[in-house]
Amino acid sequence: MADEKTFRIGFIVLGLFLLSLGTFLMSHDRPQVYGTFYAMGSIMVIGGVLWSMCQCYPKITFVPADSDFQGMLSPKALSLLETGLSEVKSPQPPYVRLWEEAAYDQSLPDFTHIQMKVMGYSEDPRPLLAPELKTGTSSAKEGEPHSAQTWMEAAVVVHRELDEKEGEKSRSQSSPPACSQGSAPLASFHDDLDVGSSEGRSPQPSPPDRDEAHLQVPWASRGPLDRFGDFALIDDTPISEDMGLEGQAQEEALPSKQPWSLRMKEETVQAGAEEPEQEEEDLYYGLPDSPGDPLPDKELGFEPDVQG
């Protein structure tokens, strides 16, 4: 590399010398000589400059990747590496690998025995839930050991919502469950209830005997419960049975209410006698003149105005 660099520099310097020599000869009126020196000098200078410019760029060489790696390893290591790579590439013949893949595919579980059975609402799924063990022997050729497979059968019960017709039939067939007396039914209003008109009306509290009569009637005697059995409509009209029970309860409660009504009449008479006295006291304006008056008229010092 150093020799090439010095040669390029000498080539350029020689071209410059030929140019200067041609200029000197041109001053002595010899055109046939200095033209030759000018042409040779210019060619040498241009060639040297282009050569130097091409050497500045890096050279592109294709070097294999294994060459550097092979230079670092010894020949024994290279031979061992080649044998190991050959073993890894083909550990078994191709037909052996295909046979192993086929055996693995056969060892996978088979899901073809799964069956689906749609059961009705009234059917009992308990017999299907009992697990059963079954053994199956795979067909094998002569001289090969028989492989036995065991699997367990289990049933999966999926509960789906019944249609309205099926639900009504099942409710009519099955007896309605008795509701607990501790939990009270929820109350709900009608959608078309007029709130403004209900506020203007005077509140009419329901008698306590009506609630007692409702509690005495068992829930089972009211017929099969509907889908919204836990809700009680406030504006619902009473049933004929409830009306009969309410009438009986009111007839039984009449003799017990008679002494209470007499007592209320006596209290109203006493209150009416006290009301006139309170009205007379309210009409009086000023301090009352009574023997217990702390400020009598004599001590007040009032004197009548005498008009003279």
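Glycine too: its Cβ is placed from the backbone N, Cα and C atoms.
What Swiss-Prot records for 6-26 (among others) is transmembrane segment, and it gives sequence analysis as the kind of evidence.
Marked as topological domain 'Extracellular' by Swiss-Prot: 27-32.
The transmembrane segment annotation in Swiss-Prot covers 33-53 (among others).
Per Swiss-Prot, the feature S-palmitoyl cysteine maps to Cys54 (among others); the stated evidence is similarity to another entry. With a 10 A radius on its CB, Cys54 (S-palmitoyl cysteine) counts 9 other CB atoms from all the protein chains.
Among the features that Swiss-Prot reports, S-palmitoyl cysteine is placed at Cys56 (among others), with the record citing similarity to another entry.
Per Swiss-Prot, the feature phosphoserine maps to Ser79 (among others); the stated evidence is similarity to another entry.
The phosphoserine annotation in Swiss-Prot covers Ser107 (among others). The 10 Å shell around the Cβ of Ser107 (phosphoserine) contains 10 further Cβ atoms across the protein chains shown.
The annotation region 'Disordered' is assigned in Swiss-Prot to 127-149 (among others).
Feature annotation from Swiss-Prot assigns compositional bias 'Basic and acidic residues' to 162-171.
Per Swiss-Prot, the feature region 'Disordered' maps to 162-308 (among others).
Swiss-Prot lists 172-183 with the feature compositional bias 'Polar residues'.
Marked as compositional bias 'Acidic residues' by Swiss-Prot: 274-283.
Sequence annotations record features per position, and here Swiss-Prot assigns phosphoserine to Ser290 (among others) based on a large-scale study or a structure entry.
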Nearest-integer angstrom distance between the alpha carbons (Cα) of Ser107 (phosphoserine) and Cys54 (S-palmitoyl cysteine): 70
